[in-house]
Amino acid sequence: MNLKDAIGLAFSSLRVNKLRAALTLLGVVIGITAVVGISTIGSALRVKTINDIENLGSADYNVQVHEKQEEGDEYNLSTSNLTSSDLLSEEDVDNLRARLGSRVNGIALQGSQLSGPMTSDASEDDASGEVLGVNADFQDVNNINVTTGRKLTDDDVAAARAVAVATEGVVDKLFRGNARAAIGSEVTVESGNNIASFTIVGVSKAPQTSGIVSGGYEPPTLYVPYTTANAAVGADTAFYQVGISVKKGVKPGQVKEMVDAFFSAKYSANEKATYKIWDNTEALNSVNQVLGAMTLAISAIAGIALLVGGIGVMNIMLVSVTERTREIGIRKALGASRGAIRLQFVIESMIICLVGGVIGILGGTALGVGLGLAVAQTVVAPPVSMIVVSLLFSLAIGLFFGSYPANKAAKLDPIEALRYE
């Protein structure tokens, strides 16, 4: 008997017992559906989480200057005892920018901060919010998307202009959501004894996230030139933190080494201050690893269901061998070899598992896409590698769990088999 005849005979046998064949492949269907579905949902969550992090905006590296600590002290990043000379000057930032050159998109700076009641002559409403003094690069590094008006510029910073980019929170509170009405309006902020007024030149849109990753509550905020904010509170121009965004195609590790070398040279001889580098690229890798590990662990549990389905296939095939004992005896009496009998039952088992695998892949894809859309608002198809592995694993399950019943059928004595009632 050749392979084609064996496959035809196997399909004929399965058509005779359609209900049994359907119940037999059910375990395989459930197992493959679970594996493919979980893998697809995991991929959707991973894609959405990464997109959310990117939409929220984050520098690849944040470097924070803080007080040195004695061994055994409680860990903190306090700057209360540091002076302006211990922090970063504009000259330091320019030197860092020159050293990094074209490897970075920008270096984000944040100066003084004000918080308190906000009012506008163009509105009868009021709000409570904050003012952040920043440089022009801060907007791009932190993904501040200005949808109406313009961004802050280097010229605004250099001239210490009293201009601001307002978040949607400011526009919603003071201008009832009318961004165009906000442009050109003056907003006054009272922060303790300090009162400052700024003209809105742009409105930024909040990043869209699914809730999987969220930046939390964002108060109504005005982004203003740090030179203007520093002047409003009478503060010196010095920075305790910088954010660095690396260009695509540049090895982040190379930039990190250059940044570390720069700060090490500046603070190695400083007795009061030191620095810490926060590597946000490692945090993103950690998110990927955690989601990957969760997907793998749950898929492994689903794989157990697939093994249970394989055991079910073996049990049903053993029942089939018993019921078809007389048929096996007749085939052997007509000259069928042990190999032909074995091949027939192995192929039956593999066909059952393969059909179950195909149905499981379709079901798992539908389940994964549906839940991925519901949970992560993202449509991700299962990886081709997962589909191929699922099909091969289905065939392997059929081969492994079908071998014992097939061997049992092949070893039946033809005379005893013909006597079987």
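Just so you know, glycine gets a Cβ as well, placed from its N, Cα and C.
Taken verbatim from TrEMBL:
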type     : residues : note
TRANSMEM : 21-45    : transmembrane segment
DOMAIN   : 22-260   : domain 'MacB-like periplasmic core'
TRANSMEM : 296-322  : transmembrane segment
DOMAIN   : 300-414  : domain 'ABC3 transporter permease C-terminal'
TRANSMEM : 343-374  : transmembrane segment
TRANSMEM : 380-401  : transmembrane segment
Taking residues 6+ outside the transmembrane segment (380-401), which of them lie with a CB under 8 Å of any CB in it? 28, 32, 35-36, 39-40, 43-44, 47, 306-307, 309-311, 313-314, 317, 346, 349-354, 356-358, 360-361, 364-365, 368-369, 372
Using a Cβ-Cβ cut-off of under 8 Å, list the residues of the same chain that are 6+ residues beyond the ends of the transmembrane segment (21-45) and lie near it. 14, 212, 291-292, 294-295, 298-299, 302-303, 305-313, 316-317, 352-353, 355-357, 359-361, 363-365, 367-369, 371-373, 375-376, 378-383, 386-387, 390, 393-394, 397
Mind looking up the mean pLDDT for the domain 'ABC3 transporter permease C-terminal' (300-414) in the predicted model? 86
What counts of helix, strand and coil residues does DSSP assign across the domain 'ABC3 transporter permease C-terminal' (300-414)? 100 helix, 0 strand, 15 coil
